[in-house]
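Q: According to TrEMBL, the record shows the following:
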- A:His37: active site, proton donor (ACT_SITE)
- A:30-37, A:147-150, A:Val176, A:184-187: ATP binding site (BINDING)
- A:Gln61, A:Gln153: (R)-pantoate binding site (BINDING)
- A:Gln61: beta-alanine binding site (BINDING)
There are 2 protein chains.
Amino acid sequence: MKIIRTVNEMQQTASSLLKDNKTIGFVPTMGFFHEGHIALMEHAKKDTDIVVTSIFVNPLQFGPSEDYEQYPRDEDEDIRHAKNAGVDIVFIPDTQDMYPRKMVINLDITDRVNVLCGRSRPGHFQGVVTVLSKLFHIIQPTKTYFGRKDAQQIAVVDALIEDLNFPIELIALPTVREKDGLAKSSRNVNLHKNEREEAPWIYKALEQGRQLVVDGEKNPDIVVKEVLDTIDNHTSGKIDYVELLSYPELQPISVIEQQVILATAVYFDGARLIDNLLFDKYGNIAKRLK
Amino acid sequence: MKIIRTVNEMQQTASSLLKDNKTIGFVPTMGFFHEGHIALMEHAKKDTDIVVTSIFVNPLQFGPSEDYEQYPRDEDEDIRHAKNAGVDIVFIPDTQDMYPRKMVINLDITDRVNVLCGRSRPGHFQGVVTVLSKLFHIIQPTKTYFGRKDAQQIAVVDALIEDLNFPIELIALPTVREKDGLAKSSRNVNLHKNEREEAPWIYKALEQGRQLVVDGEKNPDIVVKEVLDTIDNHTSGKIDYVELLSYPELQPISVIEQQVILATAVYFDGARLIDNLLFDKYGNIAKRLK
C-alpha cells in the first residue's frame, strides 16, 4: 500500500493509473476508521482495480462552533486498517496543499441543504461539495463510495455529480451498525458511558417509525412524532431534528407515496449523533438511491 | 469528423478515447466561427490526438437584457469550418440536455469578476464557469484552448482549474486580428458600416497606451487616460470601461511593476466590442499567462 501526501503526486499517480486502463474506486473519509469505512473499502476492492481512500479533516465543512479541533484522528491506526482492507493508496494531503489560497471559485448549493443536518450546520454541505470536487479531480475515480448513514451527504453528492456531469458512479452502501443497532461513527468514542447505553434507542426509534409505515401509515407527522417521543422517552439527548422527506430530493411531503428518508440527529453531551432509514411507501428499506 | 448531439454519447465517447490513451484537445465555443476559433482548433490539432470543439450558446452566461437571442448562429458553416480545421468531434448539445432541471449545485466566483466585463455583466462569469465545469466533465480534455481576446475569461478559467484541481492544462493563444487590427469576433458582423470603419481604433488606442509603458510610464491612470481619449476621439462608440489591472489576479494597481492587462469594452449600436493587451512592466507583450 502506498501513502501519498501531496496533491500533485496523487493527481499524477491517478492519471498514470487511468492510462494503464485501471478503474479507480474512491472512498473519501475524514479518517478515524470504523467498520463503516472498512466496509466501503472492501466493497470498492471487489468492484474496481485500484482503491484509493483519502484522509482529510476538511476545515471548510466545520462551522466556527463545531468540533474541527476535537474531531478524532489516528493516522497510524487508519493506515493499518486501510492496509488490512486491501486499500492500494491512502491519500493524506495537508490543509495548505488543499487550500493554498483564498478560493476564487466556490460551490454553492441551493436545494437539499435547508433541511436535516444542513439546517443546523450552515455552510457544511458547501464545504463538502467543494472538497469533493477537488478530490474527484485529484483522484479521478471511476466509482466513489459512501455509507448511507450520511444520507443527506449522498443526496448532495448525487446532485453534484448529476448537475456538473462528473463522469463518476456514486455507490451508496448500507449503514454499518454495532450489535445493539447504534450506527458506527467516529464520534461514538466521545459519548459518555450512560449516553453510549442510551444511543441505540435512536435506531430503535427510527425502526418503530418505519414499522408504522409498514402497517399502513401514510401521514409523515404521525411517523415523526413516534420517533420524537421514543428518543425523548429513552435518552438524555437533545433532539436536533426528526424529519421525514422525499429522497433524494429532500422535499417536505404531506403523504408518504414515494421513496423517503426518515432521519434524526441527537445532541448528547459527548457527541452529536445522526441516523436514518431510507424506505419506500410500503416501508420496505430502499435498495437503490433513486 | 463526427457530430455528437447528446451529453451521454459525448461523455462515453470521451471515456473510450481516454481508455485508448488518446489525448483530447478541447475548444469550447458559442459557434459562428471566425479565424480566432479556427486558430485554436488548428493549434489543438498539432498538440493533441483528438480535437473536440463544442458549439453551445450558453443561456446562463447572458444577462436578461443581453443578446442571447440575437447571438449569431450558423451551424452548417461552423461544421464545414471545423472539418477544414481538422476537428475530430463537434459537440452540439441542446439546452434541455445541458440543463435538464433547475441546478441544485451552482458555481460562484468571488474575485476576478467585479472588474472589466464582469462589472457590467453580473452573473456572466458564473454562467461561464458553470458551463465549463460541465463541459470539462463531459469531454474530459487533456488541454483546453482559449483566445486571449477573452482575457478575463481566461483569468477566471485559470482560477477554476487551479481552485478545483481540474486535471486540465489551459492554453491561451494570441488574439487573431483583421488586417486593420480589429480583434476577430462573432459579433463584428453586427456592426454598422461606419462603426466597422471606426472599430480598429480600439486596438490602436490600446497600442498607444502600451507604447507609453514602453517609453517608461509607470502610472496606470495616465495609460488609461490615453486609451480613453483616443477611443473617444476616433469612434462613435460609448466606452464601457478602460482598465489597467494586474494579471491574472485582476487587482487594481497604483504602479505598473508586474504583468498587467490593459483592457477595454466599447458599446457600438450594432455590437459591444472588447479587446485587451497583456504586457509586463516594460510594455513587452506577455508570453505566458503567469
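Using N, Cα and C of the backbone, Cβ positions are placed for all residues, glycine too.
Since we're looking at a predicted model, the values are computed, not measured.
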Q: Round to a whole number and give the Cα-to-Cα distance in Å for the pair A:Arg148 (ATP binding site) and the residue listed as 'active site, proton donor'.
A: 11
Q: Out of A:Gln61, A:Gln153, A:Ser186, which has the highest number of nearby Cβ atoms, where nearby means within 10 Å of its Cβ, if these are the binding-site residues?
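A: Checking each of A:Gln61, A:Gln153, A:Ser186, the winner is A:Gln153.
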Q: Given the recorded positions A:His37, A:Arg148, and counting only Cβ atoms in the protein chains shown, which has the most within 10 Å of its Cβ?
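A: Ranked by Cβ atoms within 10 Å, first place goes to A:His37.
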Q: Kindly assign A:Met30 (ATP binding site) to one of the three DSSP-derived states: helix, strand or coil.
A: coil
Q: Closest of the recorded positions to A:Val176 (ATP binding site), Cα to Cα, picking from A:His37, A:Gln61, A:Gln153?
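A: Of the recorded positions A:His37, A:Gln61, A:Gln153, A:His37 has its Cα closest to that of A:Val176 (ATP binding site).
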Q: State the Cα to Cα distance, in Å, between A:His37 (active site, proton donor) and A:Ser186 (ATP binding site), rounded to an integer.
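A: With the alpha carbons as reference points, the distance is 10 Å.
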Q: Which residues, sitting 6 or more apart from A:Met30 (ATP binding site) on the same chain, put a CB under 8 Å from its CB?
A: A:Ile55, A:Phe56, A:Val57, A:Asn58, A:Tyr71, A:Ser186
Q: Of all the binding-site residues given, A:Phe33, A:Gly36, A:Val176, which residue's CB has the most CB neighbours within 10 A?
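A: Result for the most crowded candidate: A:Phe33.
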